[in-house]
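Below: the structure, in structure tokens.
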Amino acid sequence: MPALQWFLFISSLISILIYTMIVFTLKRHRSNALLGGSFFRIVEMQYYAELFFFVEFSITMRFRKYSSLYAFFEPDTEFHGIIPRIVSGFHYYIKIVVYIGYLTFALNRLTSALNISSYNSVNISIWTPKLLQRVRIVKWALPLIGILPTHAWPGFTYWFMITSSSIRLTNDSLSTALVAYVDGICCLGTCVFCMICYTATCFLIRKNWKRVKTDTVFRKNNAQSAAERSLLVSAILSFIVLILNTAVQVVTILISWGGATTLLFVQDLSYPMIDLMYSHFPWALLVTSGVLRKQMIYDTKIFLRTAFKLDDASVNTIRVGHTVSPATQKTTNRTLA
């Protein structure tokens, strides 16, 4: 496998491991209001989708294309059957699942801006556990509507093309066009919808920020408002990645009408873009969420003290955070819900 692909794979693996640590931290401190809000519940849902995306893409796409698996087959042959169909179908299925995750984040930020003081409340929150369960079901079931017609129809053909240096996934021209359109429409539609939601959210937060200066009662919610702005930043950072992916999808469709040579170049460019889709979010969370970052540092210190049987003085020499769990500290204007 080329050095660039190894670099992308290892970088993505590190990001997924950090993502896993974030989810463990959220699950461990779910009972605390600071880390148990609806936004972080959606983060957990998105984690599983992006974890599957990483595993699927690494095995069925990157290692299939760039590893030495072709050595087990005769060169210049074709491998037909259900496996190529499943590989292609699951790849686009999990992509749409991830797209729905972007929609969920955008709606969550919009509703929190509409009702900034109560979105974390169990009694009056829109994002109740029952609603989150329904969102989870829709998130994993709805993509089948777009995938089954393009991959279960027996008239379409999918196969692996074995060469002397790679295994390429290929399908007939009609199914190729349909899959590209379904993927492109889903991605573009998600991008437009999120853009509308985030524009409205920014407008509402700006309006709330002005009320802080004039409304004495609303000023009490200033800490929550600051938290919402920080979480909005992490969601918008993820949205920027979606915009970049949308641009790649649109360019792919446009170039497919022209020449295949340039199309192959764009498809190679899409690999780093897909890596960015499932590996950027943990970094966005760590940069924007102060409480999550401090809680992870605190838990790491506790783990080191327990695993290596260090005393408090030894642990405190590791100058990486607080000795009191951030989840037990009083909420300030820098605290994120």
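Sequential numbering from 1, following the chain as shown.
Keep in mind that glycine also has a Cβ here, set from the backbone N, Cα and C atoms.
Marked as transmembrane segment by TrEMBL: 6-26, 47-63, 83-105, 140-161, 181-205, 231-257, 269-292.
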Which residues of the same chain, at least 6 past either end of the transmembrane segment (83-105), have a Cβ under 8 Å from a Cβ in it?
39, 42, 45-46, 49-50, 52-53, 56-57, 60-61, 64, 135, 138-140, 142-144, 146-147, 150-152, 156, 158-160, 169-171, 179, 182-183, 186-187, 190, 193-194, 235, 238-239, 242, 277-278
Surrounding residues of the transmembrane segment (269-292) on its own chain - C-beta under 8 Å, 6+ positions past either end:
5, 8-9, 11-12, 15-16, 18-19, 22, 25-26, 34-35, 40, 43, 46, 50-51, 53-54, 57, 61-62, 98, 230-231, 233-234, 237-238, 241-242, 244-245, 248, 252, 326-327, 334-336
Checking distant contacts: for the transmembrane segment (47-63), what same-chain residues at least six beyond its ends satisfy Cβ-Cβ under 8 A?
1, 5, 8-9, 12-13, 16, 19-20, 22-23, 69, 87, 90-91, 94-95, 97-98, 101, 139, 169, 271, 274-275, 277-279, 281
